[in-house]
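Enquirer: Reproduced below are the annotations present in TrEMBL:
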type	residues	note
DOMAIN	B:14-103	domain 'Peptidase S26'
ACT_SITE	B:Ser43	active site
ACT_SITE	B:Lys91	active site
Amino acid sequence: MLRGVLGKTFRLVGYTVQYGCIAHCAFEYVGGVVMCSGPSMEPTIQNSDIVFAENLTRHFYGIQRGDIVIAKSPSDPKSNICKRVIGLEGDKILSNSPSDFFKSHSYVPTGHVWLEGDNLQNSTDSRYYGPVPYGLIRGRIFFKIWPLSDFGFLRDSPNGHRFSDD
Amino acid sequence: MAHSQGWVKRYLKAFCKGFFVAVPVAVTFLDRVACVARVEGASMQPSLNPGGSQSSDVVLLNHWKVRNFEVQRGDIVSLVSPKNPEQKIIKRVIALEGDIVKTIGHKNRYVKVPRGHIWVEGDHHGHSFDSNSFGPARSTTVTHVLQKSNHTEVGCLQALTQVP
């Protein structure tokens, strides 16, 4: 009786470890489903939306300007942030609001990206903590699953004028 | 004839079953717990690679210890290079956030390490691409902490001021 229970427990632990490892490999190297929270990417991504993220682009260093990425938060290492890539290395970034009389600008250093949320008024992003190292990017979001009224590929940035690098 | 076909089918089934267990478990272990790597370069002499290009050290990279990004002063860590994300560099942690560092060859003589950052230096000063070149590094780019397989004990730290 005891041997039967022990055998069953070992089998259960074995299956859990095996499927846990398969899940880790899938999330790390392919992609997964992510739930986003916070208002910083409105209107593109609302609070509690469920999106699909893929990690292949990051491993092949193919992140482009305009991609929405998930990255490790520079302020809190245990959480992730979800922002749009505004500038890659070498790009000129206009800092502060366009209404400033003297526009100040800076260049994104090599190996870093400049992230901004779509909801510029309510987003803590690179304007607050500076350029983010490329190594902190975890994956790229490209498809929204929930809510069903917004099902489909994600829209371009509503702040299109931010992308100029001249 | 039918007997040997059954044998092949059973062999393939066993192989696939073993494959789908072994590969994910191995990959997860190498990602999350520890892996082994060869050290290249002279920036950590004499602690690592004292023999130069003749013999590269092989080290155990421990991920599990830094899964919460907690490092101590004096640890040798591997981090994603701030200039080139495809490369990992191995340096020693000199200072943690809040400490004041006396730099060698940096544009400011004294630097206070900001929150969420660490100051890393190679042991071979002058031959090392480290925080003296690129400034403080974010502690979330640290991937592993080193455990040496052989060679001499690592020496003591350079003097620095610690702000509590």
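Cβ coordinates are placed from backbone N, Cα and C, and glycine is handled just like the others.
Nobody curates TrEMBL annotations by hand; they come from automatic prediction.
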Enquirer: Report, as a single number, how many Cβ atoms besides its own are within 10 Å of the Cβ of B:Ser43 (active site).
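Expert: The answer is 22.
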Enquirer: Do you know offhand how many angstrom separate B:Lys91 (active site) and B:Ser43 (active site) by C-alpha?
Expert: 8
